[in-house]
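What follows is one structure encoded as structure tokens, with my remarks underneath.
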Amino acid sequence: MGSAISVIIEMISYLSEISSVTGISVEAILSGEAFAAIDAQVTSLITMEGFLGAETALSSIGLSEDMFIFMQAAPELTSTVMTEFVRESVQTAFIFQTVAGSAAFSLGSLHGYLAHEVPIVNRNMALIPRRPADYYDILFPGVQSFTHALDVIHGWGHSLFQSVGEYIWDTLRRETQGAVESAVRDLSLQTTHQFLDAIARMMENSRWVVTNLPREAYSRIYGGLQNYYAELPGINPAQRRQIERALEYSNRPSIEDANSRQVLEAELGRPDVQRRSQQQEDSSSWFESGANIMRYFAPGGAHQRVTPDWMLPLILGLYGDISPTWQTYIDEVEYGPKKKKRRFQ
């Protein structure tokens, strides 16, 4: 009997201490509602806030591990102690009532009570009226957010650190992503401009030749005439002698031609004349396939870039600036010719 009373006194003192620390009523602790609420809060802190363990989460709300264990065992411990207390009380009363002559009545009345040592009452039954989290906010709109703003002690430091950390992380991620995208875009533009600039400079410094297409056409025509005359039948001897006399008369040199021929034959023995004549023969046997376009440089040695007029639209187009004519052609290709507005008479 004395041990049960001492245990009850210690439980009452410990319950008072926990109630003063947490602000939870003693009835809620004994019924188990306090442990369920604290357990849910600790789980939320570990899951959502990122605490490393239960001890850290308990210390953040002002509880120790012993208090948490006591709150867990309080309902069962209370039931056990009270049962033991009742049993010892009944035994004591039984002794006194036996002495007084009422043992039979006490034994008969207490036997039915002691047959239900485990209580059949629902332990999850609410002992206090349940109020939702937004109860006062429903009655007085805005009061919950106002009181939360005034409560600068409970969770203020951790919330501030978390908010500042999230802001710094979001800013760093956003700036890093923007810097990477800008660097990739600038690199692609720079590479494209360098490639187009290299093509433009190569075209400016290249040697351009206009192919002589008429000469090739004439050679094909005269080749066909030559084949035509080659297939004609031969001439008779009288016609041949007549043609030879005509050619001999046309090729007869005059006095000036004879004098120049004598001078040339006299100089043929010199080495420089022989070399010059050999070069003339070589040059006459070789001919170009087209006409070379002369390249003009900047006047005065300014070493500036020079582009012919016929190449200027192409060079400007490589640098992104096109002529109005070219722009009109592109618009017609992409969007089609402009439709003329029909005039109504």
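Each Cβ is built from the backbone N, Cα and C atoms, and glycine gets one as well.
Your range for region 'D1', going by Swiss-Prot and the list 73-108, 109-144, 289-324, is 289-324. Swiss-Prot assigns the feature region 'DNA-binding' to one of the listed ranges (261-277, 329-345), namely 329-345.
Helix, strand and coil counts from DSSP across the region 'D1' (289-324) read 11 helix, 3 strand, 22 coil.
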